[in-house]
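Enquirer: Annotated [2Fe-2S] cluster binding site per TrEMBL: B:CYS88, B:CYS93, B:CYS129, B:CYS133, in sequence order.
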Amino acid sequence: MGKKLLLKNAHIEGIRYFETYRKHGGYEAAEKALKMKPEEILEEVKTSGLRGRGGAGFPTGMKWSFLAKPEGVPRHLVVNADESEPGTFKDRYLMEFLPHLLIEGMLISSYTLGSNTSYIYIRGEYSWIPDILEEAIDEAKAAGFLGKNILGTGFDLEIYVQRGAGAYICGEETALLESLEGRRGNPRLKPPFPAVKGLWERPTVVNNVESIAAVVPIIEIGGAEYAKIGVGRSTGTKLISACGNINKPGVYEIDMTITVEEFIYSDEYCGGIPNGKKLKACIPGGSSVPIVPANLLLKTINGEPRYMNYESLADGGFATGTMMGSGGFIVLDEDQCVVNHTMTLARFYNHESCGQCTPCREGTGWMYKILKKIEKGEGKMEDIDLLWDIQRKIEGNTICPLGDAAAWPVAAAIRHFRDEFEWHVNNPELSQTQNYGIANYADPIPAVSNS
Amino acid sequence: MSETIAFKPESLAQVHKIIARYPEGRQKSALIPVLHLAQKEFDGWLAVPVMDYVAELLSITPIEVYEVATFYTMFNMKPVGKYVLEVCRTGPCMLNGSDNILDHIRKKLNIKDGETSEDGLFTLKPAECLGACGYAPMMQLGKFFHENLTIEKVDEILDLCRQGAIALD
């Protein structure tokens, strides 16, 4: 069994409620933190090596240290609960089953940052979860952990839950702030960064739900102890939401020292692939990160086992590696069609592009159209090159990372599965009734092109 | 829609409670939560007079409401059926058979994507990733998710809708 920090009490009945949460050590970290100086807490978070759990992996302590503190200007903490990256459903799990862990994390973080009004921006479709969070907020308030003069420290905190309304782009922090201000979710140009000018032009820190929840065990055991868990710069534990063709889909907490092979095949985690089928490919960090074929997933290009952590998953760069991303782990078995799967992702990004930047607005539309054409057996060989060309013209040419996020899945699918695209073009009729299958993706490792 | 559009008193109280979450003069921040309330109260979609009413409530211009309402997928810009079936079809759901679920609903209700059944009961709204990837295929119905769908489960849900026996809120 791996080390559990966030989900260690998830199995306890009633842990959703204050009384049970408190009975099992809940809010003890907050009590400890509120006796510390904010700078001391910041040091603990820095020492812990915690990296943003939303997908970008930016060190949380460093992000906090950028927060501007002009005299007389209120600051805000905004929790990003706009979990919308295909394959990702870990924050939902935390909020649904352990709402007080988030509230306690917000209390400690708000105290550290000097935010007296903090917000949780949650995706609109999680429409039953605000009730759970608001109930937890009321309970915490009744127990004196929120509201005025918390635990007699003189620190005040109100937490509000705000629902979005169906826009993936609002997971991008500046789009989220726009949305929270009652506007379309169009990302802002940076700089200024939210740490200087964020919500209502006030200094703001935007953090993912899991990052804020992780602050609780960091205070509990100390930053140095937290940093001992895991390996290298992948410290602590990470929630992985596993889905696709696996026996045991769900949310798992891992300590980032296990191999990808163990994660997929051991009964403690995914439990292998249903019906004894073979592994074809995997997107290990949410739909935006590169898809890799089985051989490159289980082993790096140097033949080393690949581990479930930031560095190992990224080993080999985009040529042969992928990314940890949000931890949305999507498994494809031998019967899945990479062209069709990539088409659904292209449709997703086309639907979710805010339309502000031309390369993304137009490019995502063209990628979707071309992929649909190939998938239906109506594609030409030059369409594959055209797709490659379009994704290259999107990447790096947009205000926010949605453009990259839309380009990478298409690029990786062509990079590793080009023969499957060509097969669709060459076999327009057969491709409508049959899948390409596993072909040669498992062994040996296909040649890697540098295109 | 009647000429006089107004929230019920309890909804209006809710609107004021929401506005109080933000600093003075930042009441526009309440726009999305208030549009959710409006859509729920006024027949499941946002007609122009409803949006104008919301603009007035928040002391903003109507265009500020229109541009937001049209941006976000959850706001319906035309009338919908009593039951809006939002079936996810993105990657992970596709891997688990969401295409079959969608086909089944299209055939059974004799509607295309975005259309409403003749009896006015059902609207089919294919959705992009709703965050239930581990419990795929799935659909959202009102406030709740229905997960690990099979054709049989879908039929059961449609029957329950027809009987008015399914929770939307």
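Every residue gets a Cβ built from N, Cα and C, even glycine.
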Enquirer: Cβ-Cβ under 8 Å from B:CYS93 ([2Fe-2S] cluster binding site), same chain, 6 or more residues apart: which ones?
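Expert: B:CYS93 ([2Fe-2S] cluster binding site) has long-range Cβ partners B:CYS129, B:ALA132, B:CYS133, B:ALA136, B:PRO137, B:MET138.
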Enquirer: So which of these binding-site residues, B:CYS88, B:CYS129, B:CYS133, get their C-beta under 8 angstroms from chain A?
Expert: B:CYS129, B:CYS133
Enquirer: Reduce the DSSP letter at B:CYS88 ([2Fe-2S] cluster binding site) to three states and note it down.
Expert: strand
Enquirer: Can you count the other CB atoms that lie within 10 A of the CB of B:CYS133 ([2Fe-2S] cluster binding site)?
Expert: 30
Enquirer: Could you check what DSSP calls B:CYS93 ([2Fe-2S] cluster binding site) once collapsed to helix, strand or coil?
Expert: helix
Enquirer: Helix, strand or coil for B:CYS133 ([2Fe-2S] cluster binding site)? Use DSSP.
Expert: helix
